[in-house]
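Feature annotations, reproduced from TrEMBL:
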DNA_BIND  28-87  DNA-binding region
COMPBIAS  1-21  compositional bias 'Low complexity'
DOMAIN    26-86  domain 'Homeobox'
REGION    1-35  region 'Disordered'
Amino acid sequence: DESSGYESESAGGERASAAAEGESRGRQRRARTAFTSEQVCRLEKTFQRQKYLGASERRKLAAALQLSEIQIKTWFQNRRMKLKRQI
C-alpha cells in the first residue's frame, strides 16, 4: 500500500482512527522537527556537495547544527526522495 501518509487518501480515515486509539493508550507520535533557516541552508549546501553522508560526516554535521544523527539521516533521505520526484 503506497500512500503519502495524508488522512484524506483512500482508507486513511480508518488508519487515522487506529493511530488515534494507539496514541490515547500512551504511545505518542514524535513531534515534527522545525528546522531553522540556517540549518536548512547548511543541510542544502552539504547535500549539493554529496548526496550521501557517512557516519562520521553525519556525526559532525549533527553536532554543528545541534540536531540528532537520526534527524540528519532522515533529512537526507527525504531530500533524496524530493530530488528523485523532481527528476
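Cβ coordinates are placed from backbone N, Cα and C, and glycine is handled just like the others.
Helix first, then strand, then coil: DSSP counts for the DNA-binding region (28-87) stand at 42 helix, 0 strand, 18 coil. Per-residue confidence over the DNA-binding region (28-87) averages out at a pLDDT of 96.
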